[in-house]
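The ATP binding site annotation in TrEMBL covers 7, 8, 9, 10, 11, 12, 13, 14, 15. The domain 'Cytidylate kinase' annotation in TrEMBL covers 3-203.
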Ligand code: CDP
Ligand code: CDP
């Protein structure tokens, strides 16, 4: 079973994807980490004439070992860098195989990102598109960073997320939209447990429907 989870920054897709992976005993890939790792590899070179080439080379050379420094990878500024390398078509192409291979593991997988249901796994068994209003998303990200001891300027964070959302929405190579067959889940008013329960219900219902059996009530 392949589950695709997409949605904008801090919508809760990663938390939901890891909860689904635990529930169904599947491996989970946070694909944002790949773009973040490429962003970190070219940190400080923004505006340089070889920025694109450096990002493409970094994406082609990406190694799983670069996905472990979560403190640096998940920093808000790294997210902005990630969105800058994510608009380069060859970077996206270089990261495609890693994601696709992960998805095609025997037994299945859960992947979360922006283009899982549209580009990476258009054939996923279940697709979820997670939404939450931008103020709620900013507050969630702020608390997540504060819990790690990072001092947060909410005004700057809000603008950072807006800037990233805007770049993502305009990304011509993105596919950052809800797939026609994705289920929309708005988590603005849902806590983590309630959102996970809602997602499990959607997955079970969709799988039962596919199997042609009775739908769980
Ligand atoms: O967790 P959050 O939503 O804040 O960010 P992320 O999922 O780690 O993604 C960081 C950035 O990487 C996004 O803003 C996108 O620009 C890019 N990205 C992408 O282009 N395609 C994906 N499948 C995942 C992330
Ligand atoms: O992966 P994405 O950037 O979409 O978001 P996340 O990292 O899963 O969630 C961002 C923060 O919001 C985390 O600290 C979650 O615990 C929190 N969260 C929440 O408060 N309520 C939810 N329904 C989902 C996530």
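Think of each number as a place in line: the chain as shown, counted from 1.
Glycine residues also receive a Cβ, built from the backbone N, Cα and C atoms like all the rest.
As the structure is a computational prediction, the values presented were derived from the model and not from experiment.
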Close-lying binding-site residues around ligand 1 among 9, 11, 15, where CB distance stays under 6 Å: 9
Shell of the ATP site beyond 7, 8, 9, 10, 11, 12, 13, 14, 15, same chain only (C-beta within 8 angstroms of their C-beta centre): 16, 112, 130, 132, 137
Residue 13 (ATP binding site), number of other Cβ atoms within 10 Å: 28
Protein Cβ atoms within 10 Å of residue 15 (ATP binding site), excluding its own: 19
Predicted model, mean pLDDT over the domain 'Cytidylate kinase' (3-203): 96
Cβ neighbour count (within 10 Å, all chains shown) around residue 9 (ATP binding site): 22
